[in-house]
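Chemist: First the structure, which I've put down as structure tokens, then a few questions once you've had a look.
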Amino acid sequence: MAPRFNFLLHAFFCLALATTSFSLSPKFYDNLCPQALPAIKRIVEAAVHREPRMGAFLLRLHFHDCFVNNDLELIFFVFQGCDGSLLLDSSFALGTEKNARGNFNSVRGFEVVDQIKFEVDRVCGRPTVSCADILAVVARDSVLALGGPTWKVRLGRRDSTTASRTLADSVLPSASMDLPALINNFKNQGLNKRDLVALSGGHTIGLSQCLIFRNRIYNATNIDPAFAKERRATCPRTGGNTNLAPFDPTPARFDTAYFKNLVKERGLLTSDQALFSALPAIKRIVEAAVHREPRMGASLLRLHFHDCFVNLIFFVFQGCDGSLLLDSTSAFETEKNARGNFNSVRGFEVVDQIKAEVDRVCGRPVVSCADILAVAARDSVLALGGPRWKVRLGRRDSTTASRALADSVLPSASMDLPALISNFKNQGLNTRDLVALSGTGFTMLPILILLLPRSVEQLAHEPVETLTSLLLTQHLLDSTLHTSRTW
Ligand SMILES: *[C@@H]1O[C@H](CO)[C@@H](O)[C@H](O)[C@H]1NC(C)=O
């Protein structure tokens, strides 16, 4: 099974286990009523066949049922995650969760659940299968009916006799959340960043309403312009609130198009694109800058190279650490004034623009300047028609710089070959790297591209800390996309 679905299942199981781990088993109904699960599958298949969008509704029902879960349950056993509470209508004792902000006018599929409940009670001869279990099995069977994978659902949940609209109001994630808000929202339910990405993948099926995505298609900067235009055609500035648009180009197929879309900045909701916003923003700005002035590609690549080259192991300077970006202070003189940089390094205004935009789309400063330089270098080469390579991320920015060090290590244009070789050797580079890296003059671009990633990795400061939340999320997306090919 693809890792992505392990995450998905893991997340569902966590939600389920949080409430009733003592009794859950995939075989729970094997003796009690062996006809139950086939009956559910039959009805789900027919409903999804009639209206593919029903698959998305049924998956969402389960998610929204499970998500309304409270730590207090451990003490009071009132709210229990996947407990069917979403199905309860209002009474004098409770306000139905169906009216919560994230559900009102958007949860659907209750008639299918009612039909299943009726049929399952009939084939079992009496009420045997809980509504909470029905929702869990229905979600699995919906995904399967739309071409997704299957998984074992652990069963034996008990139904809640109460519900909380207030709680649902406060915990259900909203489409306008940025990444920090989403991470926090899922964390409050005991779910981690991987769970967030995996569960967001549920948007590989289904549609959303204009009212929900209008702000993004008219206001967002981290959106593919052609995509925004396409969506605006059926979602006007005013009116048309219930007009629909698919989350991805294949809304009736459980596939990875949703994630591929995010990489192209074609996420429909703010909360979708929030999962993958830093790298596309860098690419977008680099492409525009290189388009305006092709030489900027070389300048940005050179910035990264000169940042990385100033490196001393076991000393304060650590290679690709953004030190080149620092201006002079009372404590140090900027590397920008070093012999190899003065009057020749440029592109800082593009880096500043990237930094501002990345901070904005991420909701806070999470991407280091050193990583921005590394990615901008890669994207510059890409924008000039070169190949793409994976950039390892997670660098920390230096808080200091050294003009003297930069003066002494940056190769001078006037050095003879032995001097150059010894200069590169001091940086842990061999003759092949020298040939490759000297290609920054762009006479040897193809060789440079083959060797640069490896050389840069040798130079790069590899932090022992775990990656930032954003980078972890993006890495997961990368691996998700990669894994998709095995499907
Ligand atoms: C765009 O953003 C502004 C400011 O937040 C807001 O007032 C406006 O309604 C938004 N436009 C749309 C079409 O949502």
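Heads up, the Cβ atoms here are built off N, Cα and C, so glycines get one too.
Not my notes, these are from TrEMBL:
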SIGNAL    1-18  signal peptide
DOMAIN    23-366  domain 'Plant heme peroxidase family profile'
DISULFID  C33-C124  disulfide bond
SITE      R60  site 'Transition state stabilizer'
ACT_SITE  H64  active site, proton acceptor
BINDING   D65, V68, G81, D83, S85, E97  Ca(2+) 1 binding site
DISULFID  C66-C82  disulfide bond
BINDING   P173  substrate binding site
BINDING   H203  heme b binding site
BINDING   T204, D248, D255  Ca(2+) 2 binding site
DISULFID  C210-C235  disulfide bond
DOMAIN    366-439  domain 'Plant heme peroxidase family profile'
Chemist: Cα within 10 Å of C66 (disulfide bond): which of the binding-site residues D83, S85, E97, H203, D248 qualify?
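Modeler: Of D83, S85, E97, H203, D248, within range: D83, S85.
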Chemist: Find, for the listed recorded positions V68, C82, C235, the residue with the lowest Cβ contact count at a 10 Å cut-off, counting only other Cβ atoms.
Modeler: C235
Chemist: Beyond the listed site residues T204, D248, D255, identify every same-chain residue whose Cβ lies within 8 Å of the center of their Cβ atoms for the Ca(2+) 2 site.
Modeler: G201, H203, I205, F247, P249, T250, P251, R253, F254, T256, A257, Y258, F259, N261
Chemist: Measuring CB to CB from C210 (disulfide bond), give everything in the same chain under 8 Å that is also at least six residues away in sequence.
Modeler: T234, C235, P236, G240, N241, T242, N243, L244, A245
Chemist: Between G81, P173, which of the binding-site residues has its C-beta surrounded by the fewest other C-beta atoms within 10 Å?
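Modeler: If we count Cβ atoms within 10 Å for the binding-site residues G81, P173, the smallest count is at P173.
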Chemist: Restricting to the chain of R60 (site 'Transition state stabilizer') and a gap of 6 or more, list residues whose Cβ falls under 8 Å of its Cβ, or answer none.
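Modeler: In sequence order, the residues whose Cβ lies under 8 Å from that of R60 (site 'Transition state stabilizer') (at least 6 apart) are V107, G109, G202, G206.
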Chemist: Using C-alpha atoms, which one of the binding-site residues D65, V68, H203, D255 comes nearest to C124 (disulfide bond)?
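Modeler: Out of the listed candidates, the nearest Cα belongs to D65.
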Chemist: Measuring CA to CA, name the entry from the recorded positions H64, P173, H203 that ends up nearest E97 (Ca(2+) 1 binding site).
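Modeler: Checked the recorded positions H64, P173, H203; minimum Cα distance to E97 (Ca(2+) 1 binding site) goes to H64.
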